[in-house]
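In TrEMBL this protein carries:
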type: COMPBIAS; residues: B:1-11; note: compositional bias 'Polar residues'
type: DOMAIN; residues: B:113-329; note: domain 'ABC transmembrane type-1'
type: REGION; residues: B:1-41; note: region 'Disordered'
type: TRANSMEM; residues: B:50-72; note: transmembrane segment
type: TRANSMEM; residues: B:117-138; note: transmembrane segment
type: TRANSMEM; residues: B:147-172; note: transmembrane segment
type: TRANSMEM; residues: B:204-227; note: transmembrane segment
type: TRANSMEM; residues: B:248-273; note: transmembrane segment
type: TRANSMEM; residues: B:306-330; note: transmembrane segment
Amino acid sequence: MKRKLIAAIGVAGMMVSIAACGSDSDKGKDGGKASAGGDKTLTVWVMDGSAPDAWMAEVNKAFEAKHPGVKVKVEKQIWNGIQEKVTTALSEDTPPDVLELGNTQTAGYAVTGGLADLTGDKATLGYDAWNKGMVASNELDGKLYSAPWYAANRVVVYDKAAYKKAGVTPPKTRAEWIEGLKKLKASDPKSQAIYLPGQSWYVLAGLIWDEGSDLAVKDGDKWKGNLSSPEAAAAMNFYKELASYSTAPKDKDEATPQQSTDVVPKGGVASWIGLGWEAGGAIDAMKKAGKTADFGYFPIPGKTADKPGSVFLGGSNLAIAERSQNKELAKEWLALAAGKDFMTKYAAATEGALLPNTDAAQFKPAAGSFAEAMALSSASGKVTPVTPGWANVETAPNPIKDYMTKVLKGEDAKAAGEAADKVINERINQQ
Amino acid sequence: MTVDSQGTATADPQDAPGRAAGKSQTPPPSSGPKEVLQPPRGRRSLPSGLLPYLLVAPALLSMAALLLYPLIRNVILSFQQLNRKEFITRETVWTGFDNYTELLGDSHFWTVVVRSVVFTAVNVALIMAIGTGIGLLLNRLGKKMRLVLSLSLMFAWAMPIVASVTVFRWLFDEQFGVANWVMRTLGFSGYEQHNWFETGFSTLVIILLLLVWGSVPFVALNMYAGLTTVGTELYEAAKMDGASGWRTFWAVVFPNLKSFFMITTFLEIIWIFKAFAQVYAMNQGGPDRGSETLPVYAYIEGVGQFHYGVAAAISILTIVMLIAVMSFYFRLILKQEEEL
């Protein structure tokens, strides 16, 4: 009966294999950089939708002309799961030399020591000309860890035909906004007056800022979550009111399903809240499906007509990995790409849909364009709490998203907020 | 599983199925002095020297490299604090048993443990019951229907995990799912846009359906294979005695296939307890961490939250729990081994 013993050993082996799927951190993967013969490769990680291909090619051509024997390799990354990827990359011996980092996440990487200190390069990078609102997320404890690249914020994208049919014009205040949504619903009960999934937390952040409050507040030298505050509850209530005009899932964010390419092109959506690249993506997807998009854009309305609603000023910074094998080259590339000349071209290439890091490079947006609406509200742009621990808050499962879903499903905003704050407190003070 | 018993060249007149007869291993008294030369029965004596070791070496080496090494690393990791910072700076911070004490004092951890255990128990019970039923059915079916049924079982078994999860996600989709449509068509109200993934419980029920569906073929086909070794005369005898179907199962089939039931049950326990892809891909352990089982919890703590030390401790505790459960199995086996 040896076979039983063999089977038993097999069973034991299978059990152990659990450990294998636990957590094996695969460090020191060979990136295959720096090939022989003095030729060097500079690896640049950019996010999908950040850099127009033609612009990127031009930057690299100019750079390679200046540095014979150096090749620039651009690798496009997607936002989903990017924190895991960047963390792993920064721990390697041959990380990408230049990385695009989300502005809410930069401090989280700076504190780990994974990013090169750029404080000494302020002059070459053009620090003084940078947009002041965009600089904050690049600094930590007085040191500079990255260069701002671009910023963008969300606006309301609407279907002109649907608005016209319902007799609605772009609103200036929240009250007008809701009024319009009511009319849209009445004019076409089958379609959604606004598509707003339950976990679009950047939108909620704007509403909380409108209340004069924030997602987390500093208490002494510690941070604590602020979702149990009455201001957060008020903001969430307004979100809930907006969401009542949408049949979007309450437990999903705007990226699952991707609202711009998977939802809007299918039709039946009179308006939605999105970024420039999302609007572009929707237009392309509709073109492919044989439809024509007829979009108008307006800033998210504020409480009063004199000031548009607060928006999250999303954006990206460009950083250099501390372990980069080609730090000096990387700095030069950074100075070139994020410098005024190429930023001017960048703003033009994106037609103003992304704000460049300096006002001098600003592109004058066309009338009625996404960029125009965005520029109007960027004055009320804000960023998430600037502390290294904030990146931890955003990791999945994101407590803010869970909070939103709970409240939308009818749970008490204060109770749900307290549960979320507990998680935020745990994470935000961690480095 | 190998079916032949290993080794001995002596002709064993009665090998299967009733082992009772073979209990006395004395060879039958030779009726005549060496009348027939016994032909070697297929097998020669075992090769000696280095060869056997060489033959098992690749398997052992790959086990050591792919299982043992990660396991040891995992144990080491579980005594460290390895968060994002330590990960990037490559600092080694020893924290002793901190990860373990923190976990064992965390109510969330215990919630997940209880959830995993209950989830596994329900799953395995269903899989064994349904799998056995279908196995019995396979044995009784005619040739054609048996082929059709085995084929469909094979397809379910062969379906890649993530693909099947995707299919199940769509079946239960809030807006376009067929499940909502069926409920509406059957006349139930409230299924216009019912969100099947609204609570951790209902998410787990859907995962349960998927796991049962995916695991039943293994049990059913094995059961069928096992049943073919049960002699028909036993059924006939039972029938003569007027035993009911239920009685026949417990008196004839079950005792004959006891070791089959045992090994399959334990295999299923292991598979379900450590099922990761199905649980994670279905809803990423959500909503609000409500459908996390132990492996998913370890993954989210580790890869999602960058607490690799804590994650390692979770997976070690998971292994310890499985070993505790499995020790029953090992004891049973060793006991049987002694009896023989």
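Placement of Cβ uses the backbone N, Cα and C atoms for every residue, glycine included.
TrEMBL labels come from automatic prediction, so no person has curated them.
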Seminar exercise, completed: Best-packed against the transmembrane segment (B:204-227), counting Cβ pairs under 8 Å over B:50-72, B:117-138, B:248-273, B:306-330, is stretch B:117-138
For this session: State the residues, same chain only, that lie 6 or more residues beyond the ends of the transmembrane segment (B:248-273) and have a CB under 8 A from a CB inside it; answer 'none' if no residue qualifies.
Result: 1, 17, 116, 119-120, 123-124, 127-128, 131-132, 136, 211, 215, 218-219, 222-223, 226-227, 229-230, 234-235, 238-239, 293-294, 318, 321-322, 325-326, 329, 332
Problem set entry | Chain residues in Cβ proximity to the transmembrane segment (B:306-330) (below 8 Å; excluding those fewer than six residues from its ends, i.e. six or more beyond) | 74-75, 77-84, 87, 95, 99-100, 102-103, 109, 113, 262, 266, 269-270, 273-274, 294-295, 297-299
